[in-house]
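Presented below is the structure to which this report refers.
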Amino acid sequence: MRAELNQGLIDFLKASPTPFHATASLARRLEAAGYRRLDERDAWHTEAGGRYYVTRNDSSLIAIRLGRRSPLESGFRLVGAHTDSPCLRVKPNPEIARNGFLQLGVEVYGGALFAPWFDRDLSLAGRVTFRANGKLESRLVDFRKAIAVIPNLAIHLNRAANEGWPINAQNELPPIIAQLAPGEAADFRLLLDEQLLREHGITADVVLDYELSFYDTQSAAVVGLNDEFIAGARLDNLLSCHAGLEALLNAEGDENCILVCTDHEEVGSCSHCGADGPFLEQVLRRLLPEGDAFSRAIQRSLLVSADNAHGVHPNYADKHDANHGPALNGGPVIKINSNQRYATNSETAGFFRHLCQDSEVPVQSFVTRSDMGCGSTIGPITASQVGVRTVDIGLPTFAMHSIRELAGSHDLAHLVKVLGAFYASSELP
């Protein structure tokens with residue numbers, strides 16, 4: 001089971017270079033399992049025992065498995081994750097012609113580590129909006145092959161490179177995508193037009209706009225002398241999306257189960273399809289349109305907010321509290337912060353520990369050092385937006401927000417098992 005889950009994750013990461021592609025990948029799995037797509041623009045007709053999913057902006061998704069009992073009686077079991085990761089996004093007018101090379105101007109999305117982006121074989125993917133035959137359309141594109149690189153400056157020309165050299169995002173991150181002949185001009189939108197034709201057989205009248213991100217073409221892999229680790233891009237947080245989907249599709253029981261995978265977490269979640277927007281609440285209210293039904297059901301519900309945690313790095317162990325250092329392959333981590341950067345409280349943490357113990361899954365705790373700041377997740381945002389009790393958890397990871405992150409190869413199976421137990425749980429605290 002562990003090897004199969006890990007290979008499934010590797011395949012999912014390869015198919016999901018952007019939030020748009022991740023959402024499409026999730027939707028394909030759901031449809032293959034018998035889930036029916038609901039369109040927010042239409043009237044909905046749902047029924048007990050039904051299987052449904054909803055997307056918004058092509059980059060966020062909510063999957064719904066309705067049980068036989070009403071949510072007014074048993075509530076919802078929700079698992080939340082996010083589809084986005086830090087990356088380099090192409091600017092609207094990106095062409096930069098310098099010294100005979102064509103580069104593309106990029107904007108940093110989220111809190112990316114810059115240095116790992118150098119000397120990588122990069123490709124480009126995302127969503128393109130265009131006009132064809134007088135009609136406005138959008139399609140996902142993925143160049144797949146390596147088309148760009150950000151070469152490092154040789155140390156002979158930068159002797160301070162290993163002494164904490166700061167990287168200027170504006171000047172040093174534009175990737176090189178081609179060499180130009182003297183006097184040659186380049187139009188990036190024409191390249192997109194050609195890609196639409198190759199990938200979709202569409203000839204666009206004009207490419208109007210796009211949301212495109214560079215990504216590393218190196219596939220994720222199981223690594224380590226004893227295959228202890230998984231290395232790959234976008235583990236934060238497609239690892240949790242994949243675990244949530246596997247748990248939902250394979251969970252026993254007949255409860256009301258929800259998987260929420262939203263975009264824009266890395267930039268604050270404040271969008272119409274992010275966790276700080278109305279997406280989840282609007283979907284739940286449409287499932288419970290009568291009077292105070294939503295408010296009553298949500299107070300019987302619980303959210304597991306799943307987002308990667310910082311594992312104790314052997315070279316930097318002093319960055320952790322000595323008593324709260326999560327180990328890779330040590331199981332899911334309960335995240336706790338007294339200042340509500342995480343939404344966990346004693347009741348929700350206790351319930352998650354109980355699930356882990358009953359499932360024979362190891363569990364760990366994470367608290368930041370008292371002299372360091374703490375990141376946050378969709379947990380507090382969703383809790384405050386919807387009013388749902390929440391526990392923040394995640395799998396321990398190294399190199400978070402790098403172009404290539406590292407997680408334990410045993411931990412995915414741990415997380416899928418306990419999330420499956422959560423979905424199947426007949427009683428919530």
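Residue numbering: from 1, along the chain as shown.
Heads up, the Cβ atoms here are built off N, Cα and C, so glycines get one too.
Database features (Swiss-Prot):
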- His82, His156, His401: Zn(2+) binding site (BINDING)
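Positions of Swiss-Prot features highlighted on the structure.
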residue : record              : Cβ contacts under 8 Å, 6 or more apart
His82   : Zn(2+) binding site : Asn237, Ser240, Cys241, Cys261, Thr262, Asp263, His264, Glu265, Glu266, Ser269, Ala275, Asp307, Ile378
His156  : Zn(2+) binding site : none
His401  : Zn(2+) binding site : Ser85, Pro86, Gly110, Gly111, Ala112, Leu113, Asp236
